[in-house]
Structure formats: C-alpha cells, structure tokens
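Enquirer: So that we are looking at the same thing, I have put the structure below in structure tokens.
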Amino acid sequence: MLSVEMISRQNRCHYVYKGGNMMRRILHIVLITALMFLNVMYTFEAVKAAEPQQPISIEKAIQQKEGQALVEGYAVGQAVSPQHYKLTSPFSNDYNVALADRKNKTSPEHILPVQIPSAFRSQFGLQTNPLLLGKKITVQGKLENYFNTTGLKNVQSMNVTDDTKTPPAEQQVTINEARGRLNEEVTIKGIITADQNAIGGGKLSTFLQDETGGINIYSPSPEQFPELKEGMDVTVTGKITSYQGLKEIVPNSSGIKINQSNQSLPAPKHLTINELINGSLGDQYEGRLVKLTAFVSSIPSSPAGGGYNVTMIDDDHHAMTLRVMNETGVINELDEGKWYEFTGVLSRYQTFQLLPRKSADLKLLEEQPAPPSAEGEYEGIVDRVVDGDTIHLKSPVLGTTKIRFVNVDAPETYHTPKNDADENQLRFGKKASDYLKTVLSPGDKITVKVGSEAKDSYGRLLGQVITESGSNVNLELVKNGYAPTYFIWPVDNEEDYQQFQAAVAAAKKDQKGIWNENDPLMEMPFEFRAREQGKGLTRYVGDSSNKTYVQPADWKKIAVENRIFFASASEAESAGYKKRQTAPQEHVPLRILSMNDLHGKIDQQYELDLDGNGTVDGTFGRMDYAAAYLKEKKAEKKNSLIVHAGDMIGGSSPVSSLLQDEPTVELMEDIGFDVGTVGNHEFDEGTDELLRILNGGDHPKGTSGYDGQNFPLVCANCKMKSTGEPFLPAYDIINVEGVPVAFIGVVTQSAAGMVMPEGIKNIEFTDEATAVNKAAEELKKKGVKAIAVLAHMSAEQNGNAITGESADLANKTDSEIDVIFAAHNHQVVNGEVNGKLIVQAFEYGKAIGVVDVEIDKTTKDIVKKSAEIVYVDQSKIEPDVSASAILKKYETIAEPIISEVVGEAAVDMEGGYSNDGDTPLGNLIADGMRAAMKTDFALMNGGGIREALKKGPITWGDLYNIQPFGNVLTKLEIKGKDLREIINAQISPVFGPDYSISGFTYTWDKETGKAVDMKMADGTEIQPDATYTLTVNNFMATATGAKYQPIGLLGKNPVTGPEDLEATVEYVKSFDEPIAYTKEGRIKLAEASDIEDPVTEDPITEEPGDDPGTEDPIKEDPRPGEDLPDIKETPGTAPVHQLPPSAISRFNEIPINNTKTADTANSISTLPLQTETAESGSDHQLPDTSAGYYNFMVIGAAVTLSGTYLYVRRKRSASRT
C-alpha cells in the first residue's frame, strides 16, 4: 500500500511540474503578444496624431452650436452688438473678429463671432491689423453663445491660412434672389428703368429690373461710374444693402458694366394703392415699374430733400406718397384736386412711394371722377384711450385704428416736464385723459363722424366721437373745460363751428377746468408744442367775428371763441380774411449794447484771422478801444443801454486782478454800463468778495476808498440755501420814454461745479428756465412786456441753427421774452430761436453786441428787433481818452511786478485741455506743481490754463495771464487705485481727458472713456494699494463737479502749499537754459493690445425710446460685448498664458513656439497649453494624445498581467501543498 501511494504522489508531482512549465510558456506568449499589440497601437495612434485635423466651415460650426471645433473662414468684420457687425475699417477695438465662409457672405445669420484672447489681439485684432480683413483664418476653440448667437470662445490657436488660390467667380443671380442676400456681394443683370439724373438727386440712384424683380442702384459718388440711362442693359456687381426699408445694391468700384443701350423697358404692372400698402404686393413690386390711378390731395409749397412729397389717395382714402424729384420737372404739371394715372418706379422711404421719372409718367384722366370723400359716419369699437384727444379702435376705419378728436386740442401728455409750464401742461393733459376714460371704455360702441378732411399728417382719422347714448365726446371735453377749441381752415360745418365756439366761450366765462383764473392752463396746447418742440408758432390766426387775421405771434389778440388757424397769410386772404389793420402807433427806438466774458482782459489785444483765410485781419480788443466803440454806438441812438452777460471779472489780467478787479469795475462805470448778470467767474473769490465788489469796502489788495459798483447785477436763479430768498435781484426795470424795459439775469446751473464750494456754500443755482419764467410772470403783472434776459449760458451757431443752453432757454421760456444775451462759451452768435433773438459777442473785449429794438408805446411790447456783432478793430477807431487814462493808471501800478523776466521759452508752448494728449505748457505747469510740493504726482485742470506761452523772454505777467486765479496748491495722500478713479472721472465721453499730469503716464480707451495702462514716469507699475502723494490746486481739491469730486473724496491728509502761480514762477526760474517743453506722450490713446477684457457678462443693449415718426437707430454698442478674460490674472504677477513681448508677431510670421508642424509656414501663434493654477478658473484641458493613450494601455496591461501572474503562482503554491 505504501509503495502504491508513493508512486501515485510521484506521478501527480510530475503532472504538476509539467503543468507549471506549460503555464509559464502560455504567460510568456501572452506578454509578448500584448507588448507587440501595444507597440502597434502606439505606432497607429502616433500616425493618427500626426495627421492634421481638418477644419470645418463656418456654416457647419453655426449648425454644430457647441463643443470643441477647429473652424476656418474669412475675416469679414467685427461684432459690435447682437446681430450687428461692422464690416469696414477703422475698427474700435481688438476684442473679436467675425468670420464667414465667403468674403461677401456677411448676413448676420452666416457670421461666426470669435472672441480674441488678449494673447492674440496684437496679431488678430482688426483695430491693430486692419489688413487682416478678407484673410482666411483657422481658429481652434469652443463653440458657445457669444453676442447672443453661436460664437467661438476659449480660443487656443489662431492661424492665417494660405489663400492664394483664385476664388471662383461670383455667379450671376436674379434680382429677386439678390434682394434676399443682405450684406452679400452679388452680380445681377437687368434693364435700367429711369435716368439717374432725373431721379438721383445728384447721386447715383436709379433702378434695375429683370423678369423676377427690381432693385435700387445707389452710390454717393456718381463720378466713379458711367451715367446710367433708361433702357440700358447693365450688369452690376456689388453689395446688397437696405436704406429706410429700400433694397439697394451698392456697386463695387468697377462693378457696373453697360452691355447694351436703348432696350425695351419691362411693362409696368397696374396696381392699386390699397394692394401696395395693405398687402404683400408692395414688397414683391418694390423697385419695379408700376401704374397707379390716384387723386392728388395735396402738393407741398416747397421741396424737401431734393423733391416734393405729394399726397395721393384712392376712393377709400388709402394714401401714398408721390415722390416728385426736382429734376423731373413733373411738379409743374401736377394739379391738386385732380385724378391721374401715374407710371413710375415703386420706391420706399419707410413706407412705399411712387417715383415718376418724366412728364410722360403723368396722364390726367379725361373723365374726372368725383373727388374721394370720406365724409360720413362710421361705427367702431373702442380699444383704448391714448390721451385727452386720441383713442384707438379695435378694427380699422378708413384704413386706420387711430382717431384724433377734431375741433378740440387737449393739453399734451407726451413729454417729460422740465419746468413749471411743462408740469402744468402734463397735469391738465392727464385730467383730460382721465375724463375721457370715464366716458369711453374698451369695448364701447361708438360712431365716428368724419368731415371732408379725413386724416391728419400722421395718418390719424379726424372725427367727432359719438357714444351709444348720443353724447358728442368732443363737445363735452370743451364744455367741461378739459380742452379749448381748435379749428384749422377749412371749416367743414358752420353749425358745428358755432356750437363748439359757444361751448368754449361758456366754459371760459364759468372758469371751468383750464380756464380757472386761480389755476389756469399756462400755455395753450399749440403754444406748448411750438415751444417744447422748438418749431415756434407758424399758423396765422383769423378772427371769425370780423374776418381779419393776425401774425402767428399775435394769436392772443383773438379770443379763443373766434379763432381759426390758417397755414399762411395767402390762405387766410383766399378765405376772405383781411390782414388786421391797426392805427399807426408811435414806436420807441432802443439800442442795447452788450459785452460778455471780458475776464478782466482790459489791457490785452489780439491779432485775429476772422475769416479763416490764414491772414491776420488786424489787432482787436483792449478796453480803451472797446470803450470807444461802445460810446460811439451809444451816441448814435436817442435811447441806448449798455449791458453785460457775466464773467466780466475773474481770470483777469494782472493789471486788474492784482487790485481785486477794481480797475475793470472802474472802466465799466466810465463806459456807462446799466445792468449786468453774474457768470461763474464773478464767484471765483466767493459771495462775500462779490458783494464787496458791488457794495464797496476796502480789500488788502485793492485800492483805498473803493466805493462799489454803480450799476446792479441781477440773477433770478441765485438763491440763498437757507431761505430760498434771492441772493441778488432777479431783474432790473429801466424806463425808456415811459416804457418799462426789464432785464432778467440768470447763470448756468453748472456754475456750482466750476467754483470753490466754500465760496458759494450759502447759495444755490436753481433751474434757469423756471427762474426766468417766474420773473417774467412777475414782470407781466407789473405791466412789463419788453423783456430781455442776460444769460450766462452757452450758445453756438452753425449757419442759421443755434444750439446750446441759451437756445434751450429760448424754447422753454415765456413768449414775452424778446432778446437773450448769451455768454460762457466765448462764441459769436446772432440769430433767433423760438422768436427770441440770441446774441453773444465773443470774448475778452474783442467784439461788442449791438441790438436795435422798437417798442410799441401802446402795448409796451417789442415789435421789431435786429442785431449785429461789431469787432473792436483798433485800426478803425481811436482809443477812448478817459478809458485810456484809467488803464494807464493801473498799468503803472502793476508794471514793476508784471514786467519782471523770470525765464525764457525756447519754443511756443500750448496749454489748455488734454483732449488730444498732453500739452507742452500743461506738462511744464504740472511738473512745477509736483516740484513745489515734492509729491509723486501732480494734476492741473485744463480750464485753469488760460493762455499759451510764447517763445522768448517769460515775464511774471505772462505766467499770471496763464494762471490768473490765485489758487493754492494742495498735497493729498491717495492709493494707487485712487489715481485711476480720479483720472477716469475727468475723461469726457465727448472731448476726452482734461487734466495735465506729472509723475506718471497713462493710456485711455476712447470707447469706454477709461484709463487702460497707468505707470510711473520711469515705467514701473503703480501699485494699487500703495500710498502716494498728489498735488492739485485747492479748486480741484474742493470742487463738487463730477469730474473733480473723486479728488476730494479719495484724497486724505491735505497739506497746503504756495499759490499755483508762485510755484510756476519758481519752477521757471530754476531752469538755466531756455525752456523747451514738448508734447511727450504722457497721455495717449490706448493701443488695442493694451486694452483688457472689460466686461464679464453678456452685453446689454438698451432699447431706444419710441419717438413718433422715427426708426430705432442701430448704433454700435460702445462695449466690446462679452469679452470674458480667458485667464484670470493676479495683480503684480505675470499672467499664466501671456505671450512674452518677443513673441508678439504680425501675421504670416513664424509661430510663437518656433516648432515646425504641417502648417508652420502659415501659422501665427498657438496658445501654450500649460497646466493652469487653481486661481485661473479656466476649463482648458490638455487634448488626448497618442502618448497619453499609450501610457494608459501599458499601465493597464501591466496591472492585468501582474495580477494574472500572481494568481498562477498562488495556484501553483496551493497545488504543491
């Protein structure tokens, strides 16, 4: 038994031994096979990785919408806001580029906006690289929402692709197809249907038609193209655009080819006005020849924009414009009130228009149908009440749902109040509207009674509204005092006229509503509109009781119950009305002479080139010459007054300012000024000093025994803060031959931010128009109707158009005001706004204003006015002896100080505002401030630099004229980040920077109006949280205006220094050589590559308001869109993925990493793919590579095989036991 067992065990061991050898062999085979497989896989993956990824098209990317993608397309422009692209240079930034599959495929739906990271902007931003436009670009990034559409963000690489192949020629398309390819370049062919010289208005503008459609050909430069005439067969290549709804093709520079001439025209399609304006045929036939039969209802008396907008209607009063261009001569063959068959091109300017091309396009119908008449009664259902005399219906009546109540004119509610009169109008307008809502509710059935004139110029139906109960709502508005009557000739129904006029007379007698004497409507609605809209009164006013009419301005002379309004005097006379004759009245002549903005320049004279031809026209100014002109002009008239509009003192020459401007006051008294107002500079030294100037009293720097000014200063909007009482009289009344003439004073509210807050702490400047209107009401109650305003408020003139604060004042103030003497912005102005004469006589005594008026002695009102600006030309008059003596006296006193030479200028140095970058003189002054106070930085406001510094010896007087305000330097402590806020505040969105600077430099972005890059003068960084010292003047440190306020708020621990002039004098003295400051580039517009991604959220586009009669404008978004920074940066450290300066290259250069790939020759740069820090917040990941895949498989295989080997070993061990 034992031997058998041993034999069995031996056999089993032999078996196990043999089995172990077999397992080892199998394991070796598996390992070898696995390693060979992995090696093959590695080679396969490496080859696969080496194959370049093929880019997808822009259309494919747009369809894909999301995910990683390599896209390729042409740079066609830049996204400026959702669905709006700028397609031509110059571009405003480098934040994004728009790609499309073709250079001319630029409809928004075919464009992919690509966000450009900061690392690529120097190479791919279109502001920096405008020549990149039209180049083919390949971009690797992530598809996601950008500018509210599919875009490409998180960009990893950008390359310019070789695009040397000639693109396929653009295939010709039909006009109908071309009309649907907005912003794309197309080629079309057709027949010219009108001579461009007949309908083009001086431009290349005519129409092309084929069998499928028509389109306008337009270019503002006709001289670049052949003249197009009717019947030409032409081929046009250009871009499809749209203007005011009209589809146009703008031809390329050589994009018009004339194939043949004298070809037959397409036959015009006979349509109706209703089919065009209320159906789809308008769009279908736009740009094509059509025929219409219509009635000419009105022909304007004068053209607008090179042609006449004639109104034509059909039998049902559907209206359309017949646009008759001057060059056609057609207007002279048209008769109002006739039926015609018109042939022309269907055009569009927001709404459809018909353009006749020649006289043959007009055919007067031989049998004239009766004129269209809408007169009658129509049923309707109320939808809503719009205002006190307008409602909307649920369904159209005569083509419109808008009903304007006829015979009445309710107070307006469309406006935002700016003064008491506006508030009053709005309050009564709401009362009328609220009343209307009590009698008319949505769903109410009404009857609309329409007269012979069916619609107004806005397309609203004119009618009387009758309720189901028979109540005439129009008449009830008048009876209850919610609205006055309003009849415009012709009057349809005499019975209606008498009924309404009797109702308004009764309401007025009973003082109902708007007629309440204790709370009246301040302005009739038509009077309010004339003022608020700035158009003035234009309709002549007839008196139905005696058949006379008066000028528009005299409307008050006719009682409301007798008023009928006419479009012109000739219309009134055609209706049988005669011009109202009044007995000849004796008129009182009055001359008013004016000055403004003298600024104490009593000794200064100027060489001027008045006509801008480059030749000096003479020497102008100096107060003894101005005195001679004023006295001479005063002597020419029996009645003369001399006035001024402020800023006569302050910022003065040394000869005046060294003695507290008492020399200027003495000269004004010698000349004989009668009244003036205050400007902001009258407050330069505060209210106490201004009162001393007016009332007298000695000043340490003034003359002994100073007795004050002998004429008043008036200011209606200068009020005491504590009580609201006047700081100065609101007005002054001067009797001229028994007629009172009043002068109201007013100063711009912005003066509060232009002077030392401490000096005016007890007063405030209230709303100008409100103050003037209140003063005018007081004057009218006193029987004063001849009223002028001395307004230290801006005005400027371009041709006949006057704008600015004074123009706004003219539109907002009482109609009894006849003349406004403007000031503040140193301009020459002479013209009218809203019936008010506005005059401004330049600056510094260079000119005077001469206003001549005539006053009706009976009405005491100004009935005639005119003005001229007379320059103080020294060559045409001798200086006034008395004024010369006064001037000489004070020049002698000031001479020793003024004439001291303190330095020498090697060049002319300009100063002022830094709108266009730093200025030489501004740099000099700012450096002097910084040196005087030994600070890190200095700032000087542009308005404080009053003159330029001329080449040659520099006197104390020269520097005084440059810095005349006597401000004191102030040192403040600020943080580095505060400096940025201070600088940003002074950058105007319109004009740019203000301050001159020292100790640092900065660049700024015109789009954002913000500083971009700020550095110390030596180029080192300004640390945001470090403390620095800053020098400003005490005006800047304490002013409360928006641009100055951050200085006072952020500056700490103020230290007072010397006067600014003293610092400049000492700095100039410190130079051993002639001073030659230049424009150094301390302030520059930012290069696009300097601008960081400025926003971190979706762009917000504000919706414009709905202004009646206007389209919503498409404007470029001032922000660059949602340009999210791809890499977050920590202040003071280099950005993780920022390319080094040496890597910044232009397109078609070697890539950044200098590593050749299949596309090396055309690659620009590839963003390095480094592992990001936790702070970066970026989701950029390394892409899968063959190496990564291979390593993963090797590790997996090794683990698997190791496990298998261990398992076998364990089994083997178990078997042995």
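Just so it is clear, glycine is given a Cβ too, placed from its N, Cα and C backbone atoms.
Quick paste from Swiss-Prot:
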- ASP647, ASN680, HIS792, HIS824: divalent metal cation 2 binding site (BINDING)
- 1112-1129: compositional bias 'Basic and acidic residues' (COMPBIAS)
- 1182-1186: motif 'LPXTG sorting signal' (MOTIF)
- HIS681: site 'Transition state stabilizer' (SITE)
- ASP684: site 'Transition state stabilizer' (SITE)
Enquirer: In three-state terms from DSSP, label ASP684 (site 'Transition state stabilizer') for me.
Expert: coil
Enquirer: Just to be sure I understand the packing, how many Cβ atoms besides its own are within 10 Å of the Cβ of HIS681 (site 'Transition state stabilizer')?
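Expert: So the number of other Cβ atoms within 10 Å of HIS681 (site 'Transition state stabilizer') is 26.
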Enquirer: Around the divalent metal cation 2 site recorded as ASP647, ASN680, HIS792, HIS824, what other same-chain residues have a C-beta within 8 angstroms of the site's C-beta center?
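Expert: Here the non-site neighbours turn out to be ASN596, ASP597, ALA645, GLY646, VAL678, GLY679, HIS681, GLU682, VAL747, THR748, ALA751, MET793, ALA823.
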Enquirer: What kind of secondary structure is HIS792 (divalent metal cation 2 binding site) part of, going by DSSP in three states?
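Expert: Strand, per DSSP.
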Enquirer: Return the residue, from the listed recorded positions ASP647, ASP684, with the maximum count of other C-beta atoms within 10 angstroms of its C-beta.
Expert: ASP647
Enquirer: So if I draw a 10 Å sphere around the Cβ of ASN680 (divalent metal cation 2 binding site), how many other Cβ atoms end up inside it?
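Expert: Result for ASN680 (divalent metal cation 2 binding site): 22 neighbouring Cβ atoms inside 10 Å.
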Enquirer: Validating a neighbour-count step here. Other CB atoms within 10 A of the CB of HIS792 (divalent metal cation 2 binding site): how many?
Expert: 30
Enquirer: How long is the line from the C-alpha of HIS792 (divalent metal cation 2 binding site) to the C-alpha of HIS681 (site 'Transition state stabilizer'), rounded to the nearest angstrom?
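Expert: Distance between the two Cα atoms comes out at 10 Å.
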Enquirer: Taking the Cβ of HIS824 (divalent metal cation 2 binding site) as the centre, count every other Cβ atom within 10 Å, in any protein chain shown.
Expert: 27
Enquirer: Translate the DSSP assignment of ASP647 (divalent metal cation 2 binding site) into the three-state scheme.
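Expert: Where ASP647 (divalent metal cation 2 binding site) sits, the three-state DSSP reduction gives coil.
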Enquirer: Expressed to the nearest Å, what is the distance separating HIS681 (site 'Transition state stabilizer') and HIS824 (divalent metal cation 2 binding site) at their Cα atoms?
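Expert: On Cα coordinates alone, these residues lie 10 Å apart.
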